[in-house]
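Per Swiss-Prot, the features are as follows:
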- 1-25: signal peptide (SIGNAL)
- 26-126: domain 'Phytocyanin' (DOMAIN)
- 42: N-linked glycosylation site (CARBOHYD)
- 63: N-linked glycosylation site (CARBOHYD)
- 73: N-linked glycosylation site (CARBOHYD)
- 80-114: disulfide bond (DISULFID)
- 88: N-linked glycosylation site (CARBOHYD)
- 135: N-linked glycosylation site (CARBOHYD)
- 138: GPI-anchor amidated serine (LIPID)
């Protein structure tokens, strides 16, 4: 019996999160693919075709026995200095890094690979303001108003709690 209540509570929580929470961040696969943190990718070209916002995530896929990912300052990035890094992102070869602030970020691969072009510089922008809702002038009304759908979901979840 208690299991039913637990599932109902989980269901209600998930529904509320889906309704209320709006995810604004994106995942960027560095280099454009699954395992593209390697010396065959032009990271400057890739970054120039991306737009990064605070809250976004970078995904680095690579062979961890050969490569690593170090967050560095601009000077270390330009000179490929890997012993004065800010943060070592390397964990398991499929690693993520969240871009928390709007600012420039610099990443390099140590072990001599930075000199072969394995480095990435990006500029992170502040989150854009939410877009204004589009004002549609329609003569028809939806069959089910959005608030009715939300109410139906919550009523169903509440009834499930009572069962």
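Cβ atoms here come from the backbone N, Cα and C positions, even for glycine.
Positions of Swiss-Prot features highlighted on the structure.
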{"residue": "42", "record": "N-linked glycosylation site", "contacts (Cβ under 8 Å, 6+ apart)": "117"}
{"residue": "63", "record": "N-linked glycosylation site", "contacts (Cβ under 8 Å, 6+ apart)": "35, 38, 93"}
{"residue": "73", "record": "N-linked glycosylation site", "contacts (Cβ under 8 Å, 6+ apart)": "84, 86, 106"}
{"residue": "80", "record": "disulfide bond", "contacts (Cβ under 8 Å, 6+ apart)": "108, 114, 115, 119"}
{"residue": "88", "record": "N-linked glycosylation site", "contacts (Cβ under 8 Å, 6+ apart)": "68, 69, 70, 71"}
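In the three-state DSSP scheme, residue 42 (N-linked glycosylation site) falls into the coil class.
Sorting each residue of the domain 'Phytocyanin' (26-126) by its DSSP state yields 15 helix, 32 strand, 54 coil. If you draw a 10 Å sphere around the CB of residue 114 (disulfide bond), it holds 21 other CB atoms from the protein chains shown.
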